[in-house]
Amino acid sequence: MTSSTNMRLRLPLLCIILEVILIILFGALVEYNDDTHAKLWNANKSHSATRDDYENEFYYRYPSFQDVHVMIFVGFGFLMTFLQRYGFSSVGFNFLIAAFSLQWATLMQGFFHGMHHGKIHVGVTSMINADFCTGSVLISFGAVLGKTSPVQLLVMAIFEVTLFAVNEFILLSMLGANDAGGSMTIHTFGAYFGLMVTRVLYRPNLDKSKHRNSSVYHSDLFAMIGTIYLWMFWPSFNSAITNYGDPQHRTALNTYYSLAACTLATFAFSALVNPEGKLDMVHIQNAALAGGVAVGTAGEMMLTPFGSMIVGFLAGTISVLGYKYLTPVLESKLKIQDTCGIHNLHGMPGVLGAVVGAVTSALASPGVYGDGLQRVFADAETGKWNPQSRGGFQAISLAVTLGMALFGGLVTGFILKLPIYGAPPDTHCFEDGLYWEVPGEEEGHELNEVATPNEMEKLNS
Amino acid sequence: MTSSTNMRLRLPLLCIILEVILIILFGALVEYNDDTHAKLWNANKSHSATRDDYENEFYYRYPSFQDVHVMIFVGFGFLMTFLQRYGFSSVGFNFLIAAFSLQWATLMQGFFHGMHHGKIHVGVTSMINADFCTGSVLISFGAVLGKTSPVQLLVMAIFEVTLFAVNEFILLSMLGANDAGGSMTIHTFGAYFGLMVTRVLYRPNLDKSKHRNSSVYHSDLFAMIGTIYLWMFWPSFNSAITNYGDPQHRTALNTYYSLAACTLATFAFSALVNPEGKLDMVHIQNAALAGGVAVGTAGEMMLTPFGSMIVGFLAGTISVLGYKYLTPVLESKLKIQDTCGIHNLHGMPGVLGAVVGAVTSALASPGVYGDGLQRVFADAETGKWNPQSRGGFQAISLAVTLGMALFGGLVTGFILKLPIYGAPPDTHCFEDGLYWEVPGEEEGHELNEVATPNEMEKLNS
Amino acid sequence: MTSSTNMRLRLPLLCIILEVILIILFGALVEYNDDTHAKLWNANKSHSATRDDYENEFYYRYPSFQDVHVMIFVGFGFLMTFLQRYGFSSVGFNFLIAAFSLQWATLMQGFFHGMHHGKIHVGVTSMINADFCTGSVLISFGAVLGKTSPVQLLVMAIFEVTLFAVNEFILLSMLGANDAGGSMTIHTFGAYFGLMVTRVLYRPNLDKSKHRNSSVYHSDLFAMIGTIYLWMFWPSFNSAITNYGDPQHRTALNTYYSLAACTLATFAFSALVNPEGKLDMVHIQNAALAGGVAVGTAGEMMLTPFGSMIVGFLAGTISVLGYKYLTPVLESKLKIQDTCGIHNLHGMPGVLGAVVGAVTSALASPGVYGDGLQRVFADAETGKWNPQSRGGFQAISLAVTLGMALFGGLVTGFILKLPIYGAPPDTHCFEDGLYWEVPGEEEGHELNEVATPNEMEKLNS
């Protein structure tokens, strides 16, 4: 194979062309919304006697946005630094494709979710939604981690963001689905899209790089930074775009309990499946988060803390078991090489979350929700609300998502297979050195040399 | 001793049993509160013409909660990664016992602090309180760090959370004490409880593991992540559950100044007590935080920035001196092996904070507080307020806390001494390898092998 | 040279004297403001029927403050840990000088920005402003990183904070400049001040320490923690002290887009300027942030997302090119040894931001801003507003800032040149061991020794 991994022209060209296109489209299509526009906000204010600056949506959404932002850039970025020699790429490419995706997502989501006189309106809510869409791309990144060039990743992001917006439009606008925390739109979609991409990009000789496809002591600690941030801020993630008031508050609370229960399940099963009862960092880093994924749909509903804990416990359990027993089978039988095990963290827990959401929707009743019913189920306002059919639509939404993700991943995978992107050879996967200037030598030697105790003593005398 | 450290059955059994009990109790006892319940929130809203979704307590407490949450999981977790070979356990067991404790604390605190028709009501305030209680357990964890199995830690958490809730009830509800930032309830209690536990678990042969009871270069940097997050968010911690308005604002401000002054004291005394004038990472990592502990009670009062700075400066000073001169004595004379030096960070500064709180309470006057007096001192509302007796009750609260902590730690210590928990032998303390799958080898060799410059050149050509 | 680097007396004396002075001045001059004072807040509340505790500025400024606080302590602190043997000093000295500067800045800014009956009023806004001023000192720290003792850094902070406050007063109060995110007051000032200091402190024999003036693999990952936090929270930084409502919301949005575009430019040009197309961590760590600097003045204006993206793209481009082509020339021709390349991250992008601000001011019109005009341009309220002259004043502000920074840096540099501060010799720059107790040995050996597989097996049996 003559393909070079040199990025000197490919990466700059793609980045610059993409950014120029983005800038042109933003210039033509994007406007400040009513809460960010100097003229519109102040005009609206004077129309309403009681409305004041404190009621700008900024004050009620921005703290959630910042937590989501941390999850996208620190959470995902550092979670993937567990590989011994792929830390620069994990956090660096995560940074690059997230910075691109959030811009592209603003356009795609704006286009599908309703233009205003031909313009896309932006503000803190569009920022959250763009970050959500970006999260989906980063999930897929986890499946192909270490095996793709940054150019491939950007191309994947172009397609995935687009299809994400289409799928989101079908679910939220056409099927009227509930999915505030994105069990379906973000996690299920991102996972199965990524799994299909990595299936198409199957590398039969990947074991030539297997000595690098593992962690070292400190890389696992860096990864725990990502894990802990994802875990802590997941309540903010699931509640970031719910309705104000009780739904947002309740979503955060449900997610908090689900994650706590999930963590105990993760530690329990991680020790149980190991012959010596030793805990596995891979499980702790990943499976402990499955509880957040699994209440992404039902979190805003009256799931109760009790229900949230059961869901979280189940999610942690299936996630650990997936890492232990399913991932090896997926690789050997189905040729799915899933570097981060996204099937266990986002795939199965995402489907679980969709099912829990469908069931919880179907069980909803005015007796439980009172006047709050229509705050959660939008069609309750129209009077056409029927819990069983709502549950049915939720189930259909899951099916649509799986179909869109698998089909989209298939097509995108074949596009990414073209030998023009500078993908790493099988012998050099999971290796920063291909795309990064890596500092020459490790400290060991240097350290003892810099100053002898004698010299030090003199200096300090 | 025939005790095995194998966790294969012990840890899963305990985790699963505990989580099942938690789920059952939550199912029986826990309900959404008025601000998280779909029916109740919306019913309340329509009763009050002016109340709207923006006034949900979520918007006024949740940012504080998130900061506290970061302190509990990143702050405590990474602060303890300073040991060279105990990073997985530090951040991992911190994660496990915190996830358990916050659930158990929700029940215990809910039970003692007032049930509503037999139900415990939960929302963002209960989340903050549960995290606070968890903080106390993590302080005690610092004393026994490296010398306990995860099963022991969970058992310790069961007892400590329970006693924390009892002590908190006595202080806040019976004695009417002020302690918003927990100088007494959290820091003093957690410290002396943990010190007593580690006293009972005294290991005469611990020096067999002493080569591992120290840091390496990068482990100290990981620990600084914890330190800095604790330092930055301490203003949020101390102010998280004060009354709204000026008390919350003032608490954050006082804590900010106390910590800044404390940091200068820490650097000053760390250099002063070293023969060569070199700074000690242990002091910087820990003593710089003592200023937050020491204004945990008086922070909400009219302590003034000036007063806060004096308290912070004193706290930093005694904390550094404690690390240097007291910790070795505690170990050699009193047989208290305090891995993280919690006596210096939480013990003495907690007592200082309690004393400062008592004095500041005794000096309070309507002339200084105006109509704000009863916002800080609840009994000022009843007219029975007497500053001197208030100060006296604060002092009694400290005594009660010390008694509860020492007694609780004693009993818990003896329970933890039973040879059934898989505690590490004296020769293998401070060692991740007992309870974790640790990656096989360090990078050194691997790194230089992965790709020779020649290969790289070919790949990039 | 007989100068000793021993800090045993110097550092403690300076820290203690400074803190005592601060405490005395705070005692004499500083008071709670209306929103933090128990008496004043509650008195104000009862005068206004509708004002309640939820309207305390705490709830609208504190989340921004916390993000800024993270940038100052984690962002700057960890960004500078990239050096292989200077991590303790980077994050530690950052901590020390920031803790001092925020106290000193509170006094200086309070003095210049308006006393209230001889008293400085403090609250969350003064906390943000003090952190901003601190940021400026930390920028200068980047230029002299590795070449100064902590005593020198504290002395530098004393002078820089003072001059910062003077410059800020001239710009904001006398010239009526807009500079909410500090392109001029923070970045341009801090950069050129620091560059002049490092010029005066020029070390002709610095290449004796050049083997330590570079990164290692894990130090680059620690630095990325700083980078990512700065990047994520920059929207909060630029918007932290704008007017409430649309200006704050818009500033965050503009900064978000500018940074995203800047990141793509950074990756593009980093690959382009490398012969093998490899990315350089120095660029990613720094240049990707230039987009935040460059919209520090215009961010609150109607720059549009489109305009923000153009500015961000330009900023990233000049920053990478600066690192590649300008920094070596500055060092060889102008004798400016700029350790972190602050000229590329804060200097040039700061000037760009000032120019963009001047142009955007000059182009402002009531047609675009409507009633929001005076919310952004304070003098529009007085009727004396003239966009061209506003733009002119912005340009004058840049010139004043450059003059103040260069003059201040010159004087401060000569003060820091005195041989009394224990500065490191040329042979021991970039070395923690001079000022810190550094743990004795790296892990390598220790690790394999702690427990043989056989021992482990026995323990787990």
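Note that Cβ sites are derived from N, Cα and C of the backbone, with glycine treated the same way.
Database features, via TrEMBL:
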type	residues	note
TRANSMEM	C:12-30	transmembrane segment
DOMAIN	C:55-418	domain 'Ammonium transporter AmtB-like'
TRANSMEM	C:68-86	transmembrane segment
TRANSMEM	C:93-112	transmembrane segment
TRANSMEM	C:124-146	transmembrane segment
TRANSMEM	C:153-172	transmembrane segment
TRANSMEM	C:184-202	transmembrane segment
TRANSMEM	C:214-234	transmembrane segment
TRANSMEM	C:254-274	transmembrane segment
TRANSMEM	C:286-303	transmembrane segment
TRANSMEM	C:309-326	transmembrane segment
TRANSMEM	C:347-369	transmembrane segment
TRANSMEM	C:395-416	transmembrane segment
Contact between the transmembrane segment (C:124-146) and the transmembrane segment (C:68-86) (at least 3 Cβ pairs under 8 Å, separation 6+): yes
Distal contacts, the transmembrane segment (C:214-234) - CB-CB under 8 A, six or more residues away: 67-68, 70-71, 74-84, 87, 255, 259, 263, 281, 284-286, 288-289, 292
Cβ-based contact of the transmembrane segment (C:286-303) with the transmembrane segment (C:347-369), 3 or more pairs under 8 Å: yes
Intrachain neighbours beyond the transmembrane segment (C:12-30), with Cβ under 8 angstroms and 6 or more residues off its ends: 96, 100, 103-104, 106-107, 110-111, 115, 118-122, 151, 154-155, 158
Contact call for the transmembrane segment (C:347-369) and the transmembrane segment (C:68-86): at least 3 Cβ pairs under 8 Å, seq gap 6+: no
Beyond the flanks of the transmembrane segment (C:395-416) by at least 6 residues, Cβ under 8 Å: 140, 148, 152, 155-156, 159-160, 163, 166-167, 170-171, 175, 177, 179, 184-185, 188-201, 351, 354-355, 358
Predicted model, mean pLDDT over the domain 'Ammonium transporter AmtB-like' (C:55-418): 97
Cβ-Cβ under 8 Å with the transmembrane segment (C:309-326): same-chain residues at least 6 beyond its ends: 257-266, 269-270, 273, 280, 282-283, 286-288, 290-291, 293-295, 298, 303, 341, 343-345, 348-349, 352-353, 356
